[in-house]
Each structure stands twice: as structure tokens, then as C-alpha cells.
């Protein structure tokens, strides 16, 4: 019996001590230089219902926001999103938290659970989290007139629709939108505290591939099935730094095009040298094109500006290889034609000699009284040609002229014209390319 009473006494003592500790935690008093004692949190929130908004049933709560952008850690073209760390600060007035004096005091972040706070969320956010090191990165500050300051440190990944048709000379416009999840415009009204000056930190950011050109804030309305909501919008423009891509892709591809032109100054007879240059430049351009497309694996549905330029360079490199094939083939054809001409001349001389010898022999063996056969006065007027033979002769003559018209008479002129036309056309293509993608 005594043991039972002893255990009961110990339990009551421990419970009393526990209640005293909890009471001390909620009895918050802040002393200023003038020794003003602020009310305890427990007394201030007596009868407070955190499940009801301020002015419940009356005017909507006016919530003013400010935003500090600490960092933009990544911008993904493949996933079309960006990841940013922000400091979000919200201010509103809750008349239930008015106390005497003109001072303010900061509460432990864990006491936020006992107050009403807005259900603000980030529109189009894929994932977000509140920092918890070393404690939850939240701040709650009460002012004597009932104003509440609620600050959070959040890292969020937000969707950003990107148009990559001008990549890498593109400028992307991304948004950060804030809205109440459950309270519509009849309960909560959001606003920027100081307009564009409500957002800070963007002008100081240094990004790897982008430069922040400008940003501005706005307030819009979001009409949804559950009501009409106030939406705060931060819109900022990101201009890509093209210098990196010029050094990585544009300069090497241009050098490969120029390298392919070296073959124009090599003799047509140097088949291995010209073939090696042509094949090497084509393979190198193919590698560049594959590397460019694999760097953005999920954006291959876009025909990007860099793809257009690499396509132009590949056309010129492949064209230089085809130019040698045409010139070399024409050279072989010309040599074959010369050989055929010489053989034909020899054949004609042989035929003429045979005919002349045959006529001379015929003259000696046969003689006619009324006809004198002579090589000079033979009349061929009675020899006629059939109509079908005439048609074949005319057709062959026309076909031969057409073939001669498209046949390169001097293959060395192919290289001579290519030395001028290839660089000239490539320069014009560059002028149109850069003018279009930089200014249109």
C-alpha cells in the first residue's frame, strides 16, 4: 500500500513539473530598452481560433507580399523548368492579435501552428520544400497593431514553357506565380507591397548560361471552378549567353567548312588526298551534329537555330566532297573522249586508205566505154537514205548536242569556279542566318 502511494506521489510531481515547463514556454516576454513588458503569447491567444481567418464573414484579408530571390540554381531546357531558392514574406493584419504599446516581438517558429496563416502556394510548381536546417526556416513577428509578418525560405522547381526555335540565340520568359489555395477573392486579396520593388535579388544573380534582362510584377485574377482568385505574378526574361556556343559549336563547324575548301587547291590527280579531306570533314561535321542534339535529348522535336547552322555547314562540306566527285568524273570522261577521238581518227584514216586502194584496184580491172570511173566525178545523187534512217540520224544528233551542252568540257574549271562560289555563297548564308536569328 505504501509503495502504491509513493508511486502516485512521484507521478503527480512529474506531471506538475511538466506543466510548469510548458507554461514557461508559452509565457513569452520581451524586454526593450525602456523595460516595456510585452504580453505573454498564452494570454494573447486566449480564445483565438486559428481555423478562422481574420475578419471572418467580413472584408477580405489584405495580404501584402515581398520576395527575395536568393539563387536560381538550374534552368533545364530538357525538363522546361527552373529551380530557385526564395525568401517569401507575407504581411496581414489580424485584429485578434492587437496588444498595447508600439513594439513588436518575434515568436518561435514552432508557434506558427497556433496562428492563422495564409494558404499561399506556388502555381505550376513541380516540387517545393521548406528548409529545415538547423530548425524550420520560418519567422513569425507580431506588431502591436495586429500586423503579422510571416517569412519562409523555400526552394521550388517551377515549370517554364520555353520556345527553343532560336536556341542558342533565344530569350526565355519565365514566371513565378503565387495564389491562395482555398480562399478566393471574397476571403483573401493578395498584393505586392511595393510594386516592382517588392522583388529583390534578381539583379545580383550570375547565371551560367543566362543573363536576366528585366523583370516586372503584376496582379491578375484566376478564374477557376471553385471561385475567382487573386494571383501575384513575377515575370522575368532570361537571355542566353551565346558566346559559349559560338566557341563550342559555331567556330569548329565553320573551320570544318573552310578546311573542306582546301581540296579545291589540290590537283585532280591526287585522289587519296582529296578523298581523305572530304570524308574526314563530313565525319567531323556528323559528330558535331550528333553532339549538339544529344545535349538536349528531350527537345529534338524543335528545329533549333543551331541545327539550321550545322545543317548549312554539313551541306557545304558534303558539297565539297561531291564537287571533287564531279570534277574527277569529268576528267576521266574527258580523257576517255580524247582516247576515243584518237582511235576514231586512226580508224577513219584506215578506212579512207582501204577505200582509195579498192577504188584504184577496181579502176584497173573494169573499164566501160561510156563511163569513166574517177574518184573526182562519181555522182552520188542516186544514193538515197531511208526515212527511218534519217529519223535515227537526227535524234542521235540532237541527243549528242544535249549531252555535249551538259558535259563539262574543262574539268579544271570546276575547281576554279568552286574556289570563288563556295566561300561567296557561305558568306551570304551566314549574313542571312545571323540577321534573321538575331533581329527577327
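Using the three backbone atoms N, Cα and C, a Cβ is placed for every residue, glycine included.
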*Identify the transmembrane segment range according to Swiss-Prot, selecting from 179-199, 200-220, 221-241, 242-262.*
242-262
*Which residue from 43, 356 is recorded in Swiss-Prot as N-linked glycosylation site?*
43
*To which of the residue ranges 399-419, 420-440 does Swiss-Prot assign the term transmembrane segment?*
420-440
*asked:* Tell me which residue from 102, 350 Swiss-Prot records as N-linked glycosylation site.
replied: 102
*If you check the topology given in Swiss-Prot, are residue 70 and residue 326 found on the same side of the membrane?*
no
*Could you tell me which of the ranges 151-170, 271-290 is annotated in Swiss-Prot as transmembrane segment?*
271-290
*Can you tell which of the glycosylation sites 43, 102, 196 lies nearest to residue 145 (N-linked glycosylation site) in space, using Cα positions?*
102
*Provide, as an integer number of angstrom, the distance between the C-alpha atoms of residue 160 (disulfide bond) and residue 102 (N-linked glycosylation site).*
44
*For residue 160 (disulfide bond), which DSSP three-state class applies?*
coil
*In whole Å, note down how far the CA of residue 228 (N-linked glycosylation site) lies from the CA of residue 196 (N-linked glycosylation site).*
24
